[in-house]
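Below is one structure; the comments refer to it alone.
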């Protein structure tokens with residue numbers, strides 16, 4: 001019985017000691033519970049380096065602040081945290097013997113736009129034996145974003161954007177449960193001088209060199225004969241040998257003076273189209289063109305359309321005209337047409353075309369030579385008067401000789 005009483009007394013004594021120690025520990029851990037309704041424990045890097053000995057209500061409230069000094073952005077790194085401590089601890093806290101390493105990694109924006117990585121500030125905080133130390137049993141988040149607004153400088157090109165974010169890596173053994181300040185959105189701004197300038201390039205077109213147009217002659221002159229050909233693949237389609245002259249008049253009057261322009265074969269380019277029933281010959285020269293259209297019937301072909309265009313520079317005047325549904329230089333299929341005499345065609349009231357020394361053929365060529373020649377009727381009209389004049393002259397000469405002879409015979413006889 002005395003042993004049981006002594007054991008009970010020892011038990012009560014130990015319980016009293018335990019309760020006494022627990023009350024002292026709670027008094028030390030939570031000196032003023034009335035101020036813990038909304039506790040805010042914030043510590044800068046400088047405050048974390050040494051143990052916290054002050055009560056929670058006197059803890060300074062600090063945030064991540066940015067200061068502008070001499071045009072550069074400098075950051076005073078601060079981690080603002082809120083530690084819920086409304087629930088009193090019922091367990092016995094023992095001082096940690098191994099040091100707890102808190103690594104706070106911050107990045108600072110460099111003042112210039114460079115491609116180098118931002119400097120990293122790493123702070124190692126020693127162990128704290130204060131009763132208000134953060135519990136090391138909470139797993140940290142991957143990272144938290146800084147609460148202060150940061151300015152991101154955009155540079156042209158593919159460059160990394162330096163962000164003014166406070167990143168807490170996984171090596172940090174504490175968790176920031178709630179931030180005391182709301183996060184502000186990051187507003188990127190373009191740094192002056194880094195954006196690509198828009199160049200308003202004004203291209204001034206070089207003035208085109210004006211080529212002087214054809215000049216007109218007041219009097220007609222001899223026309224050069226040119227040879228113009230149009231090929232259908234490797235076969236000859238149109239072949240023309242002729243001289244062309246354009247005659248212009250400024251007024252629709254017979255008494256209006258005429259001016260003349262001769263087409264130079266050396267400065268003329270021939271082109272055209274070939275068909276089974278219709279082909280055309282286009283002659284391009286400086287200041288204008290002449291177009292001839294050939295039409296083929298069952299047994300003959302002819303020029304069915306003639307058009308011309310001429311631009312004169314001094315004074316600047318345009319003369320143009322076209323004649324449809326004409327029958328000009330008609331001849332048999334497979335033959336060539338020849339006309340030495342001048343042929344004129346009125347295309348408009350101010351433009352007239354004249355050809356001379358013409359020999360041409362379209363369709364049905366044998367080799368590259370002209371076929372049988374069919375001459376124009378105007379050439380015959382020139383020859384016949386000449387032949388008639390020659391015949392009349394010969395007749396007159398014969399009659400004169402006969403008359404003279406009669407006189408001689410009559411003068412040789414006398415009457416007896």
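Glycine residues also receive a Cβ, built from the backbone N, Cα and C atoms like all the rest.
Model, not experiment: these values are computed from the prediction.
Copied from Swiss-Prot, the annotated features are:
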- 1-27: signal peptide (SIGNAL)
- 28-381: topological domain 'Lumenal' (TOPO_DOM)
- 112: N-linked glycosylation site (CARBOHYD)
- 136-167: region 'Disordered' (REGION)
- 143-160: compositional bias 'Low complexity' (COMPBIAS)
- 158: N-linked glycosylation site (CARBOHYD)
- 164: N-linked glycosylation site (CARBOHYD)
- 179-219: region 'Disordered' (REGION)
- 188-208: compositional bias 'Low complexity' (COMPBIAS)
- 200: N-linked glycosylation site (CARBOHYD)
- 232: N-linked glycosylation site (CARBOHYD)
- 237-274: disulfide bond (DISULFID)
- 266: N-linked glycosylation site (CARBOHYD)
- 291: N-linked glycosylation site (CARBOHYD)
- 339-376: disulfide bond (DISULFID)
- 382-402: transmembrane segment (TRANSMEM)
- 403-416: topological domain 'Cytoplasmic' (TOPO_DOM)
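Feature map: Swiss-Prot annotations on the structure.
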{"residue": "232", "record": "N-linked glycosylation site", "contacts (Cβ under 8 Å, 6+ apart)": "274"}
{"residue": "237", "record": "disulfide bond", "contacts (Cβ under 8 Å, 6+ apart)": "230, 231, 272, 274, 279, 362, 363, 365"}
{"residue": "266", "record": "N-linked glycosylation site", "contacts (Cβ under 8 Å, 6+ apart)": "226"}
{"residue": "291", "record": "N-linked glycosylation site", "contacts (Cβ under 8 Å, 6+ apart)": "280, 281, 282, 283, 305, 306, 307, 308"}
{"residue": "376", "record": "disulfide bond", "contacts (Cβ under 8 Å, 6+ apart)": "329, 337, 338, 339, 341, 343, 358"}
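Mean model confidence of the topological domain 'Cytoplasmic' (403-416) amounts to 70 (pLDDT, 0 to 100 scale). Of all the Cβ atoms in the protein chains shown, 19 others lie within 10 Å of the Cβ of residue 274 (disulfide bond). According to DSSP, residue 339 (disulfide bond) sits within a strand segment.
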